[in-house]
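Per TrEMBL, compositional bias 'Acidic residues' is recorded for 1123-1134. Taken from TrEMBL, the feature compositional bias 'Basic residues' covers 1147-1157. If you look up TrEMBL, you'll see 27-148, 187-322, 734-859, 906-1031, 1239-1357, 1478-1629 marked as domain 'C2'. What TrEMBL records for 441-469, 1068-1088, 1118-1164, 1682-1701 is region 'Disordered'. According to TrEMBL, the feature transmembrane segment maps to 1728-1749, 1770-1792, 1874-1893, 1905-1928, 1965-1984.
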Amino acid sequence: MFMGGGPDPDTISLASVTAVTTNVSNKRSKPDIKMEPSSGRPVDYQVSVTVIEARQLIGLNMDPMVCVEIGEDKKYTSMKESTNCPYYNEYFVFDFHVPPDVMFDKILKLSVIHSKNLLRSGTLVGTFKLDVGTIYSQPEHQFYHKWALLSDPEDITAGCKGYIKCDVAVVAKGDTIKTPHKANESDEDDIEGNLLLPEGVPAERQWARYYLKIYRAEGLPRMNTSIMANVKKAFIGENKDLVDPYVQVLFAGQKGKTSVQKSCYEPIWNEQVVFTEMFPPLCRRMKIQIRDSDKVNDVAIGTHFLDLRKISNDGDKGFLPTLGPAWVNMYGSTRTYTLMDEYQELNEGLGEGVSFRARLLISLGVEILDPSSPEITSSTEVQLEGVPNISETATGKVEEFFLFGSFLEATMVDRKIGDKPINFEVTIGYYGNEIDGIIKPKTKGKKGDGDEEETELIHNDSDEEVDDDGDLASVATTPPMKPVITDRNYFHLPYFERKPCIYIKSWWQDQRRRLYNANIIDNIADKLEDGLNDVQEIIKTEKAYPERRLRGVLEELSQGCSQFLSLANQDQNQSGRTKLDRERLKLCMAEVESIGQQAKAMRSQVKKSTVRDKIKLAQNFLTRLRFLADEPQHSVPDVYIWMISNGKRIAYARVPSKDILYSSIDEERGKDCGKVKTIFLRIPGKKGFGPAGWTVQSKIEIYLWLGLNKQRKDYLSGLPNGFEENKLSRGPGLPCSPPISLTYMMKQIFQLRVHMYQARSLFAADSTGLSDPFARVFFSTQSQVTEVLAETLCPTWDQLLVFENVELFGEASELRDDPPIIVLEIYDQDTVGKADFMGRTFAKPIVKMADEHYGPPRFPPQLEYYQIYRGNCTAGEMLAAFELLQIGPNGKADLPPIDGPTDMDRGPILPVPLGIRPVLSKYRIEVLFWGLRDLKRVNLAQVDRPRVDIECAGKGVQSALIPNYRKNPNFSALVKWFEVDLPENELLHPPLNIRVVDCRAFGRYTLVGSNAVTSLRKFIYRGADKQANNYSTTEEIVVVSLETEPSFKKMETVVKLDCGSDAVVKVEDDDKDGKGKKKKRKKGDEMEEEELDESMLDWWSKYFASIETLTEALKAQEAALSDSEDKEEMDIADGGDIKPDESPVKGSKKGKGKKKRPAVDPFERKKPKLDELKVYPKELEAEFDNFEDWLHSFNLFRGKGGDDDDQNVTDEDRIVGKFKGSLCMYKVSDDMPRDMSFDSNMGMFQNIPHNDPINILVRIYVIRATDLHPADINGKADPYIAIRLGKTEIKDKENYISKQLNPLFGKSFDVEATFPMDSTLTVSIYDWDLVGTDDLIGETKLDLENRFYSKHRATCGVTRNYAIHGYNVWRDPMKPTQILAKLCKDGKLDGPHYGPGGRVKVENRVFMAPTEIEDENGLKKQTDEHLALTVLNHWEEIPRVGCKLIPEHVETRPLLHPDKPGIEQGRIEMWVDMFPKDMTAPGPALDISPRKPKKFELRVIVWNTDEVVLEDDDIFTGEKSSDIFVRGWLKGQQEDKQDTDVHYHSITGEGNFNWRFVYPFDYLMAEEKIVISKKESMFAWDETEYKIPARLNLQVWDADHFSADDFLGAIELDLNRFPRGAKTPKQCTIEMVTNETEMPMVSIFKQKRIKGWWPFVARNEEDEFELTGKVEAELHLLTGEEAEKSPVGEGRNEPEPLEKPNRPDTSLLWFLTPFKAIKHLICTQYKWLAIKIVTALLLLAMLALFLYSMPGYMVKKMMGAAKHLICDQYRWLTIKIVTALLLLAIVALFLYNMPGYMVKKIIEEACRDRQPNNVQSLQHLRAILSTCSALRLQFLDYLCGFCHGPGRPDIALLWFLIPFKAAKHLMCDQYRWLTIKIVTALLLLAIVGLFVYNMPGYMVKKMMGYRWLTIKILTVLLLLAIVALFLYNMPGYMVKKIRPDIALLWFLIPFKAAKHLMCDQYRWLTIKIVTALLLLAIVALFVYNMPGYMVKKMMGV
């Protein structure tokens, strides 16, 4: 998805694909060459994140840490204390091995967490999210030094929460990442301009809602097998749909779900999932998945990805992401249900789906939020809401589609399945699938049938009528058929003249317009791609006029674009058009129009010189077109073709429905519609990866047509002519159906001639690293093979294969224009087992009909190269030609004869005929045999006596045998040659094979390894042609003037020269002479330049200056590049002409133009001039062509080739050694020019050194490593250097650098070596481990031998200037004059001649330079060294032998790890010097040990503050005030923060302190960083070194006694550049912080002392800076020595104490004027509180009085009233009532008790009598009882006043009869809880009352009891404090008093230890303990005195 972009024209091989595509008529479409799907294959990825720092974090006094999270992996930085701008510089690496799609969808999340620790998770400050794909699609796959903007996901209205500065890079296997140059600090501090966002994304991103509406799904696969269904039916009793679908949506790391629809195959949800995320989002894809809910685990049914880039546009006329409502189709595993689905991954969206799964109706909308509006919820939680149903027609009108297919041929059926009957099934969506059966949707079939009948009848003019009632049955499968053998590997189906057909009816929404537009754009893009391939082919094969072809391609492109504009706007009123359709149409129209116009403009600018650039621009058009053609809203699903063998699905092919969609307009028609297409079926799923997927399962030729049923009349017109239709008879009167097969009546007979000449660069299939290749050719149903050639990767078969009697069906004329394709497969023959597949290619033959003449231009055919593919990788090229000759009525007599060369007889094998085989010439190939290197063991035995065999086109030569490889691996005889016949056309030259064999005992030979040199062109000797004349006449003078002040005028004077005159070329050299002094600047020059102090300079000064130069050069290069790109685009837009570069001045070389540039560089004037070296950002080999100027290294391969996508990487494992040597080939002719001193033994290899062993001193300098891969759990490493050369191994283990990923080594190592035995130097970086073995981080290998012998002289770099002392001392044992003399002698040059006036002449060049040099003592003497050095620095300008000499340099080499091939593990900066031992010994090694940081002491005096914000309201006086103090620390040394004392009760914001902070620190001047060494934790083994920018933090605080102090404001001063302090507080403004760029800046390291006012700032609620105070401070910087000489005390202490500040006495005001204070308290500050309290007290008093008096009064009143009523007013009435009541009571009691009493009596009587026959008495009893009970009941009823129903209990008495019962009922039942509450309340009140009454007395009593205990505790605490203070101060005092004297040592040591413990190691702990104890004492005192004080106060009151 991200790998897009066209191929680089230089990497395309000569082999072309065009051979297949050339003469394509309109009957056949192009086959797809690549077989294997690459999307699902896992790849290695490494994501590296460097968190540098954070700024502007929102929050006060934070302890922030950063969490980096990718997918499930989380890593944390360390925590930084109390800072809002922490500096981390920590590096994290995440490794993954997943498919690209999965990787690029992972979300990288950066979050800042405040005060996280083991116990608490911390609070989230803000997060930033983006997906990995966005990073990978950046240039260089990385963001470098960018600021990520943090936002709070919980509160989207909050705005920015701060910024994190970081580097993020994603590397896949084989990518290399360039580290960009570092911009200067000020550029990067512009946060807004450097946000971590892709190009084109606005800096101000807004929050937005993403509404994904999910309406319904259909076509879900049947998830139940019949067994499962039956089981469920047995248990449940009903046969439900066994699927419970829901939709899950993943976007930007959040997950949303719809509800689950139970048991439903056509679920309807009508819901929307709402995501809240920033817009534009930095996550490109939304993953939509239909899942089946299950108790155990949910499974995916299908997955669809929405790419937001395809459904939105960010241009000026762009649109927000929008989609639908539209159906999206989901593809995945097959629709048959199995319990274990082997293709389940496909349903998850990994890999290409092999079957239709479902379609889902969705729409997407985006709404940008306005955070200020009140109704917005601030959280980003995913929400689910309901949406209304959608109308049927919203997605377009449902139409009936008709799909027709005919299988013309099925060959190459894999032999594994060849013995069972085979049939083919074609499906479209859920139609045609035998499992689902054919379903005609309920809703769709009959809609609007009436209107359509007439139109259908009008359209159908053919003999077949379309049925209207839809009873045409579909035929989706071909009849099964048994295959027939073709050859050993393949079978074919015997269709011959009878071709089976299929047809399917289906119903879909008619959205053809979308597909038509995509087809038109695809069509334009295909033509453009083919055209560009042609142009590249022409350039590669060096044919004439590539620019003409390119103009034609561009012409065709602009025509195609204008055609699109006229066609695309049709059918605009079609139903179901969505907003996206309209917007995309606008976008496509605009884009295509602009491409058309640019192509037109470009066409006129194409010249021969600009062809390559224009191709790149055209590739850009191609990418844009392909992007536009991808339609995000699907309509008709794709067509699948399955091969089914014996009921089992074997292989499939997927055909996009748009490719076969019919339209009456040619441009809109799909590219394969109505054409015969060759399709290769492949294995589904994971099995299709790798070798299994490369073997063809079947090759079918199929004809497909898809269109509306009413367009059906032409559906057969594209088939090859000459057939009859066979239809199913359907009875009389019924319309007939489409054909079920076709019978071809016409048959043509052909002879095919395949001319197989040779192949090259084939795949190594055997363990020897070679193959035994043969080719198998398939055409129609026949196949033939070439002979097997043993042990070669470059076989020359030179064989003609003749296929006799090839039968092809169809008309002759059609076959002439459009023959079927030929398939060629290459195999490796194995003695045992079947042949291994090595690759495949296709070709189209040239056809000659019987009536045509066999002759030019078409015949005989030319040999062409065809690219061979193995899976998706290229695997070599094949040179061949193909002709198909028709056999006419006279039989074979008319065919042209086969006339092969007469001189060779190869039995039955026919060679390629004369007219076709290439014309040969005699060439001589000379081979330089130098030696063999690094040979690995073969079959466990070491190589001892190797030999090299060279072979080319059947001829060859052998090297001398190396008698003992271990002693000397070089050859004794250096040059040998052989002659060979090779084609005149250089492109057809065969490869040259190099083989190394080991000669073992008994005449056995073992192959060690081999190499095929595929292109010999670079070794062809072309003789000294015309160029030589340029040098003969002109004499050039090169003036090197040494003015430091470049005069710009002089630059521009360039003299035009005549040929033959002396050419004077001025080279401005800005370097200074040896002194290092500057010329005085003229007055009025604005820049002050400091004198360079020579003694201060060292090698590092030179290095850092060079790094800066490199950075500037890279920046300038980038700027120039972007300028030129802009210019190109401008020119294209204007249609203007791009002028070719002006030709350079005669006689001057290109290099000089480059040299002039720096003179005008604005940077140069400001920097002090230093001698510099050259820093190469890559390895030296890359810069100097691997040092293969005359000695080449050929890697020897052995073992099978890798089957990975990226074969180059795995090839490294197959390398078994190197052959060093060279080749030279030339045509043999008599007039070879010969030099006088020509050594005939050496042939063309004159003047090369001997190859005898030579002893060398190798000096390796390692400067530093960067971006190492972390090796420890803590995300760091402890690196050290290991060096291996031959048998010498050095491990610098004891000098490991603790916990560093960017270690500075600064080391040199001397190793003695002997070439050729020790030629490979390995420099490794290991990680030191305390326990276990050390881990390799990465290593780099250097071939020292090629460097040593190279003409570029890579032994010791040439410096820019010659000096004999100082930091730039000459370090080569040979002086420049000696080197120059040697070079001239070796190159047979005339010179050097040193002349007067500082001139030197070499050959015909004259150089000028100064001739004086100064030694250590300042004495000047004459020397020619400067002159010689000038020549060496311009050696590439010397004619004939000149080449660039290696300058003094540092190279940057990537570190690689063998287990992670291709992924860089860091880089190392180093260089290597080599000195032969037989020459003068070199001086001592340069000292490059790292600079030690210098000790400094910064003294900061805080004098005053002003205008500090007032935070507190004074309790007593009510005035606003603050208790101010200032806190300060150096960044990174938070532990050492220092506070002033507190200025209490400042009412104006003014504070007086006179307080001194003292900060000692170590500082690296060159890097401008403070160096801190400290242990990371208690358990750390050793200290870690941190480098941190020098920044001073000052904060102002408000001190509070009992709560935490309040933070008021802060300022951070970068000590290297901070604003100059203001003179007065008035001039000090917030501008000094917010607008730094315009302020005058100072550096404390230059000023040393500075005093002034600076502002304190803090952020307000609106997140803007506001001024919160000003501070007057004095900064004074001293070196360590100076600080020791004049010590000062911290605070106001000795020595040099500061005077006490004169603070006003307002701080004790309330104590002096108590009445005023009390008045203020009561009347002002707490006025309302006082009123409330008084009111409350009054109310309480009233309530208490009321409660106290009420009961007595009530009783009194009640008694009085009752007495009056009863005794006076109603006296007689009362007496009457009472009497009545008494009587009533008596009567009632009598009536109630009487019956019982009577019964009792009667029973007693009866018992007494005991007469059993006394029946009478019993009857009496019964009568009396009944009477009594009747009376009793009547009485009760009468009393109650109502009649009871039957059976009512008689307890329902009036409440006044049983008052207790009533009360019980009320209190225990009805108002039970109320009662409980009242009782409880009363009890509580009573308790409280008692407590209040008794407590004070009790407390006083108790406290008196513990009084002495309290006093004791306090005394102990005070003593402890005194002891602590004593211990803290004593040692220092004593040490100060008593100078260290041995006699007192024993006494001092314990104090020293105590002091160290308490003052250094546990300093803060001590302070905390003492503070806590003091607080405890205060609290105890307070508790002790308070009660007494209160009692006293109360008594007083």
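Each residue, glycine too, has its Cβ placed from N, Cα and C.
Keep in mind that what you see is a predicted model, and the values were worked out from it rather than measured.
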Per the Cβ filter (under 8 Å) with a sequence gap of at least 6 from its ends, the region 'Disordered' (1682-1701) is approached by 1495-1497, 1499, 1501, 1538, 1540-1541, 1543, 1552-1558, 1560
Helix, strand and coil residues within the domain 'C2' (734-859) as assigned by DSSP: 6 helix, 63 strand, 57 coil
Outside the transmembrane segment (1874-1893), six or more residues from its ends: residues with CB under 8 Å to it: 1867-1868
The correct DSSP tally for the domain 'C2' (1239-1357) reads 12 helix, 53 strand, 54 coil
Is it true that the domain 'C2' (187-322) and the domain 'C2' (1239-1357) have 3 or more Cβ pairs under 8 Å, skipping pairs fewer than 6 apart in sequence? no
On the domain 'C2' (906-1031), the mean of the pLDDT values is 86
Which sequence positions outside the transmembrane segment (1728-1749), separated from its termini by at least 6 residues, show Cβ-Cβ distances below 8 Å to it? 1722
Cβ-Cβ under 8 Å with the transmembrane segment (1905-1928): same-chain residues at least 6 beyond its ends: 1951, 1954-1955, 1958-1959, 1966, 1969-1970, 1973-1974, 1976-1977, 1980-1981, 1983-1984
List the helix, strand and coil residue totals of the domain 'C2' (906-1031) as derived from DSSP. 14 helix, 56 strand, 56 coil
